[in-house]
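Residues or ranges marked as domain 'Acyl-CoA dehydrogenase C-terminal' in TrEMBL: 221-347. Under the heading transmembrane segment, TrEMBL lists 216-238.
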Amino acid sequence: MIELDEGALAAADAAGWLHPSHQALVHQQDWLRMLAPRAVGGGELPLPEVVRLEERIAAADGSLGWVVTLCAGAGWFAGFLDPALAREILATPNVCIAGSGAPTGYANVQDDGFAITGRWEYASGAPMATHFTLNAILRADGEVLRDDEGQPSIRAFIVPAALVTHEASWGTTGMRASASHAYHLHGARVPASHGFAIDAAHATADGPLYRFPFMALAYVTLAANLLGMAGRFVALALPLMAQRRQHSTGVPVIEVASVARLVENLQTTLATDRAAFYAALDQGWEDVLCETPPDAAALKDTSLRLVATCRAAVDCLYPYCGLQAARDDTAINRVWRDFHTATQHLLLLPD
């Protein structure tokens with residue numbers, strides 16, 4: 001259990017960025033290096049350990065969990081960089097790698113590297129980022145380069161924050177303190193070594209963590225955040241449901257038979273799907289340790305089933321919580337806003 005001061009959380013929500021004490025906690029715990037290779041200065045923690053930690057952080061605060069998850073995930077890319085560059089980046093004081101996966105810019109091939117221009121959205125943790133990652137479409141002499149299937153060639157890059165222009169674009173209902181702003185590059189020149197490919201065949205670090213499929217890693221880490229937020233919402237909702245009374249009988253809402261059954265069913269389903277999620281993750285990790293490809297489809301399906309269960313738990317309990325849940329200065333309302341903003345991530349949309 002990670003305990004954070006409610007006053008600091010409310011202040012961060014109002015300010016639109018993590019409270020200084022929470023930023024300090026992130027760096028003190030070295031959470032942003034935990035997925036980077038040990039050989040270049042990272043923690044290289046086992047993925048199941050990281051995912052369980054991310055659930056706990058998100059339960060303490062959705063924005064904090066999201067920033068840690070996305071920026072630590074970008075730190076995982078160090079396992080695909082030239083080791084000398086990765087070591088240099090990870091040695092940066094209070095290193096934080098933010099970024100965006102959408103290929104919304106161009107990398108123009110130069111004799112000594114690339115010149116990158118574009119705009120990228122939703123870089124969680126942008127205000128404290130020391131580096132940014134991005135995907136860009138490759139061009140040479142003004143022409144888009146294409147792969148063997150005729151599709152535009154896309155490459156991932158990492159650039160220092162000094163080359164980036166920030167845009168204060170994040171104005172959402174929830175996850176306000178994640179400060180997931182946009183950023184621009186205008187002809188920024190980077191060496192060829194700053195480009196990289198994210199797949200096991202191109203890993204520059206040894207170890208099972210860098211053989212784990214990228215999309216499966218994305219699904220399990222994002223699902224853990226929704227799980228943490230949903231668990232926190234339920235914990236805040238139940239006391240409110242005990243205080244609120246049914247109009248017709250005066251009985252506490254939580255003691256109404258139909259509501260009690262609903263709560264029991266939701267809690268049982270949430271616990272069951274959480275256990276199935278972690279069982280699938282643990283099995284996937286064991287597979288990678290044994291140099292067997294994990295079942296990426298099963299990890300995706302289990303993650304999305306868990307997210308659907310979390311969504312049902314939050315949405316089914318919210319109507320019973322009263323106006324405390326609707327006031328934007330309460331903890332439960334912030335958690336509700338954070339949860340519903342986070343569920344809009346492209347990978348988490350309902351089938």
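Backbone N, Cα and C atoms are what each Cβ position is placed from, and that goes for glycine too.
Shown for the domain 'Acyl-CoA dehydrogenase C-terminal' (221-347): DSSP residue counts in helix, strand and coil, namely 101 helix, 2 strand, 24 coil. Summarising model confidence by region, the domain 'Acyl-CoA dehydrogenase C-terminal' (221-347) averages a pLDDT of 98.
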